[in-house]
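J.: Sharing a structure, written as structure tokens. Questions coming.
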Amino acid sequence: MATVEVEQVTPVAVENVEVPTKTVEETVVETEVTQQPEESVPAVTEQKSEAPIVETNEEVVVEEAEKKDEETEKKTEEKDEKTEVITETPVVEEEEKKAEEVTETPAVVEEEKKTEVVEEKQTEVAAAEEVAVEKAEE
């Protein structure tokens, strides 16, 4: 809690001061009361017609509030579904592409290695044959 300091100011007492008093004269005005109720009755009915008052039960109010809540929940769920569809689709496609790349790359590398090994063997065999031919010629 906060503490609040308050300074009290006391007015200085003034001596021998006369305070003038105002005199008010009340005037009595007599009016005819018989015409006023007739005019005020239509005014009251006009107010009722402009803004009718409807009595409601607590159950009705609760039901209306629940309906509004359900409508807002449905709207938010629809928005969530739309955003989920948008975000899920690209992620799934990227994962599939990565999986394909991973599976294709080792297969291609292995095939290239196999072809290189075969080519090396062929060159070695050819070189060995050339050496054998040269030795035979000598």
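Glycine is no exception: its Cβ is also placed from the backbone N, Cα and C atoms.
Per Swiss-Prot, the feature compositional bias 'Low complexity' maps to 31-41. Annotation source Swiss-Prot lists region 'Disordered' at 31-122. Taken from Swiss-Prot, the feature region '6 X 5 AA approximate repeats of V-E-E-K-K' applies to 62-135, supported by a curator's inference. The repeat '1' annotation in Swiss-Prot covers 62-68. For 64-85, 110-122, the entry in Swiss-Prot reads compositional bias 'Basic and acidic residues'. Per Swiss-Prot, the feature repeat '2' maps to 71-75; the stated evidence is a curator's inference. Summarising the annotation, Swiss-Prot assigns repeat '5' to 118-122.
I would like each feature placed in context: is it buried or exposed, what are its neighbours, and how far apart are things?
T.: Listed by sequence, the residues of this chain that lie at least six past the ends of the repeat '5' (118-122) yet keep a Cβ under 8 A from its Cβ atoms amount to none.
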J.: Work out, from DSSP, the number of helix, strand and coil residues along the compositional bias 'Basic and acidic residues' (64-85).
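T.: Helix, strand, coil within the compositional bias 'Basic and acidic residues' (64-85): 22 helix, 0 strand, 0 coil.
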